[in-house]
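Below: one structure, written as structure tokens.
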Amino acid sequence: MAIRKKSNKNPPLLSHEFLLQNHADIVSCLAMLFLLGLMFEVTAKGAIIFVALQYNVTRPATEEQATESASLYHYGIKDLATVLFYMLVAIIIHAIIQEYVLDKINRRMHFSKTKHSKFNESGQLSAFYLFACVWGTFILISENYISDPTILWRAYPHNLMTFQTKFFYISQLAYWLHAFPELYFQKTKKEDIPRQLVYIGLYLFHIAGAYLLNLNHLGLVLLVLHYFVEFLFHISRLFYFSDEKYQKGFSLWAVLFVLGRLLTLILSVLTVGFGLARAENQKLDFSTGNFNVLAVRIAVLASICITQAFMMWKFINFQLRRWREHSAFQAPPVKRKPAVTKGRSSRKGTENGVNGTVTSNGADSPRNRKEKSS
């Protein structure tokens, strides 16, 4: 992300610079149109599809919970409209954090262009990872994921979700979709775009896969685990920009990164390879959302393993690069010995002149003049 220079002149309407400077205001107006649509009966039915979660199912109260009935949700095609609206919300929040927090810090710290771009990236991602990690942990605790790990595969397919779980997934999809237009809004360098596209695409692929295959329990646990490790990395990088001697956070992150990859593989194999493989119902059924067949299980495990291997490969390259930079910084400079020339002509040239500059020769030195006078 390049530094945005503010100019006193107003750019032409709907020009490239106009869209970059005012994209948050334009998106805010679009979001307000959906909210205003809720106020009128004619447009309320269409607007509510974008704003509220769809596919609500009311489960009647059981004997254990006779006081109230449970409202659960499943997914459908209308979720695309909801994701679109909250993608607009994510763009607005992104602009607020950028203008009122990160830009003010950048003006105080006077970062270079490279550090400015990385600082903005880590600032935005650390805020998102912290929020998503806290929210996901709250869901895990409230729905007894921690006290009963078998909930990851028991009673599959998990085609019904609580409001918090579905809203969490909708928000995740909306956030990572908003990252595509942000590449344009933040003037991302061309050489950084392929890396960003791979990064965003992997998130969308795995989040959408867990959501559509009704593996939302496993996906939620893995996301919280991954987000915590990523939050530690980006918050450490923010501290590093203010003090380049800061290395403790990176050391802790390196350990937790490896442990996170290991835990991800263990939980995935335990859930998909053992838990779902021993389930009684192993027939493909789109109506009930049951995808517990051998081909799907192999595809899920393969995608997770390949992604973890790719992340470890990037991690090892990153650590090797840091180690080389640290070694080069710590290595003492090599002292060059002056070359000793042989022969009378070289000695005479050295005495009488160096690089064309005339110097005093041996006969004119104070010591030799003293010997002659004696």
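Just so it is clear, glycine is given a Cβ too, placed from its N, Cα and C backbone atoms.
What Swiss-Prot lists as topological domain 'Cytoplasmic' is 1-29 (among others).
Look at Swiss-Prot and you will find 51-76 (among others) tagged as topological domain 'Lumenal', backed by a curator's inference.
The N-linked glycosylation site annotation in Swiss-Prot covers ASN56 and rests on experimental evidence. The Cβ of ASN56 (N-linked glycosylation site) has 12 other Cβ atoms within 10 Å, all protein chains considered.
The topological domain 'Cytoplasmic' (98-121): residue composition by secondary structure is 21 helix, 0 strand, 3 coil, according to DSSP. Positions annotated as topological domain 'Cytoplasmic' by Swiss-Prot, on the basis of a curator's inference: 98-121 (among others).
Positions annotated as domain 'TLC' by Swiss-Prot, on the basis of sequence analysis: 117-326.
For the topological domain 'Lumenal' (143-159), same-chain residues at least 6 beyond its ends with a Cβ under 8 Å from one of its own Cβ atoms are 74, 165, 214-218, 220-221, 267, 270-272, 275-276, 279, 281, 288-292. Annotation source Swiss-Prot lists topological domain 'Lumenal' at 143-159 (among others), citing a curator's inference.
The topological domain 'Cytoplasmic' annotation in Swiss-Prot covers 181-192 (among others) and is backed by a curator's inference.
Long-range contacts of the topological domain 'Lumenal' (214-217) within its own chain (CB-CB distance under 8 A, at least 6 residues past either end) are made by residues 145, 151-153, 156-159, 161, 165, 169, 271-272, 289-291, 300. Marked as topological domain 'Lumenal' by Swiss-Prot: 214-217 (among others).
Sequence-distant contacts of the topological domain 'Cytoplasmic' (239-251) (same chain, at least 6 residues past either end, Cβ-Cβ under 8 Å): 109, 111, 115, 118-119, 122, 232-233, 322. Residues or ranges marked as topological domain 'Cytoplasmic' by Swiss-Prot on the basis of a curator's inference: 239-251 (among others).
Summarised by DSSP class, the composition of the topological domain 'Lumenal' (273-297) is 10 helix, 2 strand, 13 coil. Positions annotated as topological domain 'Lumenal' by Swiss-Prot: 273-297 (among others).
According to Swiss-Prot, the feature topological domain 'Cytoplasmic' maps to 319-374 (among others), an assignment based on a curator's inference.
Marked as region 'Disordered' by Swiss-Prot: 333-374.
If you look up Swiss-Prot, you'll see 352-363 marked as compositional bias 'Polar residues'.
Residues or ranges marked as phosphoserine by Swiss-Prot: SER365.
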Taken over the topological domain 'Cytoplasmic' (319-374), the model's mean pLDDT:
55
